[in-house]
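Notes follow once the structure below has been shown.
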């Protein structure tokens with residue numbers, strides 16, 4: 001009869017700030033393939049058989065907790081948080097989690113929240129190693145790497161038994177030459193872990209409570225079972241934007257391989273010129289091209305297939321798929337696209353909307369103004385809060401010269417209107433649908449210039465009969 005695996009709880013360490021990310025967002029909430037990295041770690045723990053997951057939060061705890069609740073809230077108490085009030089080391093972080101662990105859990109799986117490539121199969125192997133380890137109170141993953149800089153080194157005795165871990169900053173020159181390292185994945189028996197955490201001290205180079213020190217205690221209490229990881233890449237932690245990008249490429253590769261095997265062709269790329277500047281927390285999606293002196297502000301999003309040349313995009317703006325823009329500016333919180341075309345000298349101010357199949361040229365669209373569908377807006381000034389309906393055309397060219405159109409704040413331009421420049425439409429004015437405007441419209445006035453509708457009863461029947469007879473001849 002097969003032995004039942006040990007019931008376990010996972011503890012995920014996610015309290016760190018991640019200063020090398022240079023971001024206001026907590027490190028573990030940075031996304032890969034559309035999901036925060038932390039969610040991949042939680043998924044791996046659950047897939048490896050954890051009955052519940054305790055995530056230790058600290059920096060940005062409200063944001064992290066909210067993100068977890070949104071993603072895993074439907075699972076009730078299966079995923080919950082524990083607060084680490086001060087960053088006093090990984091050992092202290094696990095201490096903070098202990099009161100939140102169910103008393104029925106016999107083992108505790110400890111993971112880092114910045115390792116989104118974790119393979120659940122490797123975690124399952126670790127679980128099996130602890131079950132086979134007899135009296136050993138802990139099992140851990142180790143990895144052989146070519147450059148161990150920054151990692152804790154695995155210390156073994158003459159017989160090859162693991163006797164401890166030495167953090168890089170505390171290691172001697174001889175110990176730093178060791179290439180077997182600690183990737184930070186442990187599975188410890190609950191009773192042992194509680195006692196070991198109580199025995200931790202801050203007698204080290206960083207003055208912190210090192211979780212790694214529990215391995216030396218385990219070696220004296222029955223041994224530490226070590227499983228050498230076959231896939232070292234899956235254990236890599238994310239500390240900066242370059243590592244985030246590399247990990248995302250791995251994840252995209254996994255997704256692409258799966259889809260390609262099902263018959264899908266996938267091509268992904270982004271091209272960014274050397275002169276382009278992009279601020280923290282901006283998102284540049286696939287197949288985006290950023291050229292020249294383009295600037296993208298903090299938190300802005302440039303979506304799939306967009307091409308921007310010498311464009312300033314302010315903080316929080318959204319450029320939706322397949323937008324083309326050049327020598328223009330997009331204000332904070334503005335929304336552009338999809339399928340918009342901003343030609344040179346377009347100025348889209350804060351919170352304005354330029355929608356699908358709208359073209360602008362030498363036009364100012366002031367704060368909160370909207371042109372959401374099918375319009376040409378050339379040589380114009382559209383006032384704050386004005387609305388330009390679908391099918392509106394600024395008739396700005398007489399064959400020899402360009403002329404300007406001015407629309408006042410809060411004005412409403414009905415669909416399928418033609419504005420023959422030069423012309424001014426006053427603040428709060430209303431242009432009826434289908435109107436051709438050739439003269440100035442005063443403030444709060446209604447301009448209507450369409451032909452009066454006439455209904456001829458029975459005419460359609462007679463017309464169709466006549467056309468049918470003509471077709472027979």
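In case you wondered, yes, glycine gets a Cβ from its N, Cα and C as well.
Quick look at what Swiss-Prot lists:
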- 373: active site, proton acceptor (ACT_SITE)
- 13-16, 27, 84, 89-90, 152, 167, 182, 239, 343, 361, 376, 387: UDP-N-acetyl-alpha-D-glucosamine binding site (BINDING)
- 390, 396, 397, 415, 433, 450: acetyl-CoA binding site (BINDING)
- 1-241: region 'Pyrophosphorylase' (REGION)
- 242-262: region 'Linker' (REGION)
- 263-473: region 'N-acetyltransferase' (REGION)
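Here the features listed in Swiss-Prot are placed on the structure.
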{"residue": "15", "record": "UDP-N-acetyl-alpha-D-glucosamine binding site", "Cβ contacts under 8 Å, 6 or more apart": "56, 57, 58, 59, 61, 84, 87, 93"}
{"residue": "27", "record": "UDP-N-acetyl-alpha-D-glucosamine binding site", "Cβ contacts under 8 Å, 6 or more apart": "16, 17, 18, 21, 37, 114, 238, 239"}
{"residue": "152", "record": "UDP-N-acetyl-alpha-D-glucosamine binding site", "Cβ contacts under 8 Å, 6 or more apart": "165, 166, 167, 168, 181, 182, 212"}
{"residue": "343", "record": "UDP-N-acetyl-alpha-D-glucosamine binding site", "Cβ contacts under 8 Å, 6 or more apart": "326, 328, 359, 360, 361, 362, 378"}
{"residue": "373", "record": "active site, proton acceptor", "Cβ contacts under 8 Å, 6 or more apart": "355, 356, 357, 358, 389, 390, 391"}
{"residue": "376", "record": "UDP-N-acetyl-alpha-D-glucosamine binding site", "Cβ contacts under 8 Å, 6 or more apart": "358, 359, 392, 393, 394"}
{"residue": "415", "record": "acetyl-CoA binding site", "Cβ contacts under 8 Å, 6 or more apart": "389, 390, 391, 392, 433, 434"}
{"residue": "450", "record": "acetyl-CoA binding site", "Cβ contacts under 8 Å, 6 or more apart": "432, 433, 434, 435"}
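Other C-beta atoms found within 10 angstroms of the C-beta of residue 182 (UDP-N-acetyl-alpha-D-glucosamine binding site) number 26, with every protein chain shown included. Counting Cβ atoms from all protein chains shown, residue 89 (UDP-N-acetyl-alpha-D-glucosamine binding site) has 21 others lying within 10 Å of its own Cβ. Residue density at residue 396 (acetyl-CoA binding site): 22 other Cβ atoms are found within 10 A of its Cβ, drawing on all protein chains shown. Long-range neighbours of the region 'Linker' (242-262) within the same chain, counting only residues 6 or more positions beyond its ends whose Cβ lies under 8 Å from a Cβ of the stretch, are 21, 30, 32-33, 37, 40, 116-117, 233, 236, 268. Here residue 89 (UDP-N-acetyl-alpha-D-glucosamine binding site) is positioned 69 angstrom away from residue 397 (acetyl-CoA binding site), judged by their C-alpha atoms.
Between the CA atoms of residue 89 (UDP-N-acetyl-alpha-D-glucosamine binding site) and residue 396 (acetyl-CoA binding site) there is a gap of 66 Å. Reduced to three states, the DSSP call for residue 27 (UDP-N-acetyl-alpha-D-glucosamine binding site) is helix.
Remark: of the binding-site residues 13, 390, the most isolated position is 390 (fewest other Cβ atoms within 10 Å of its Cβ). Counting residue by residue with DSSP, the region 'Linker' (242-262) contains 20 helix, 0 strand, 1 coil. Taking every pair among 390, 396, 397, 415, 433, 450, the residues listed as contacting acetyl-CoA, the largest Cα to Cα separation comes to 22 Å.
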